[in-house]
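As recorded in TrEMBL:
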{"type": "DOMAIN", "residues": "19-68", "note": "domain 'Galactokinase N-terminal'"}
{"type": "DOMAIN", "residues": "112-197", "note": "domain 'GHMP kinase N-terminal'"}
{"type": "DOMAIN", "residues": "299-379", "note": "domain 'GHMP kinase C-terminal'"}
Amino acid sequence: MSIIKTETAEALIERGFAFFAKHFPNSEKPDKLGIGPGRVNLIGEHTDYNDGFVLPMALPMVTIVLGRANNSDNCRVVTACNDFEETEDSNKTEFKIPSVKPLYVGTPKWANYVKGVIACFQSIIVGFDAVILSSVPLGGGLSSSASLEVATYSFIEAITGNKTIQLVQKAKACQNAEHMFAGVPCGIMDQFISVMGIEGHALLIDCKSLQYEPVPMTESNYVFLITNSNIHHELSSSQYQLRRYQCEEASDLLNVQSLRSATMEILNKVHLNGKINEIIYKRARHVITEIERTKTAADVLKRGDYKTFGQLMNASHNSLRDDFEVSCPELDQLVELARKVPGVLGSRMTGGGFGGCTVTLVDRTAVNTVVSTISSEYKGTPKFYTVSPSCGAKIVKL
């Protein structure tokens, strides 16, 4: 297998015009565009909803929402993505603007993300026709849902002419959309990096204060390789919510507002006194140590110490596998195969877990060896992407 070349935003837009003309033949050409990138989290997993630190970067893989106002009370949307249910017309949705009829969760599922963003948009919405196209792998832990939310929000900004000045509020609105309409109690990271991403940089995000620090990534000898296990999952699964509840239970037992405020000294003391069971102890240990790893990772990355950064990636995966227990045999195999290749500095699962992708820091000259090794020994059918830190959301008037 070879590395997949990501479809550019320009190519998506070109396809989008043709797709729009096919599904809205009586409409004029699209004149507004919203773009939202996916993301890969380099380190700092399951820490965002614990008020911790994360270190993601925006990807060149994007979702676009392309269309125009239609001078009616109707919102009509068609997706070219293949994540919809296999039922008649499940790639289409139509609903009234919120000022005419309140929006509710329904089917198809993908439309709930669009409706959620519209419901959380702080301005009067006008009717529109739009299409959705994406180069973000679906269900792969690269935030295809957040990229759709951010692209939708950006498109709504374009057609209403009402741009959100405070970008953090834009990210929060998209996060609220996922909470209310998709039923996923996600943290702020995915929407934040999709909105705020900076080309050539990862972002160290403080998920408590929502302040962030750009971390330059200028080393040209190393590259991040994303490997999609092609084992798909939904973040709204019971396991994701269970981990969040377990973290909340740990915070209560430690008498802290969130695990961000806990320390290993406090946790070990409570554990020795028998006041916390083994499972909750392990969940808390992952979060506490992962927050510290993430802060250290940003520091060493700023110094150009990629070797130490890779070691921290390895420790992160081991903790997610053993303490937080959100990995799976396929992800573990991908990580183990990558780590044994000379030139690989670190490899870990990324995203919510139970499938999705791994991210590997590798010497540029060893990328093909990693790909061939995994392709020949991995039990599944992986897909590979090399990525660089890219810019965040865009609002475009065509």
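Including glycine, each Cβ sits where the backbone N, Cα and C put it.
Counting residue by residue with DSSP, the domain 'GHMP kinase C-terminal' (299-379) contains 46 helix, 14 strand, 21 coil.
Helix, strand and coil residue tallies for the domain 'Galactokinase N-terminal' (19-68), in that order: 8 helix, 28 strand, 14 coil [DSSP]. The predicted model assigns the domain 'GHMP kinase C-terminal' (299-379) a mean pLDDT of 97. Residue counts for the domain 'GHMP kinase N-terminal' (112-197) under DSSP (helix as H, G, I; strand as E, B; rest coil) come to 50 helix, 7 strand, 29 coil.
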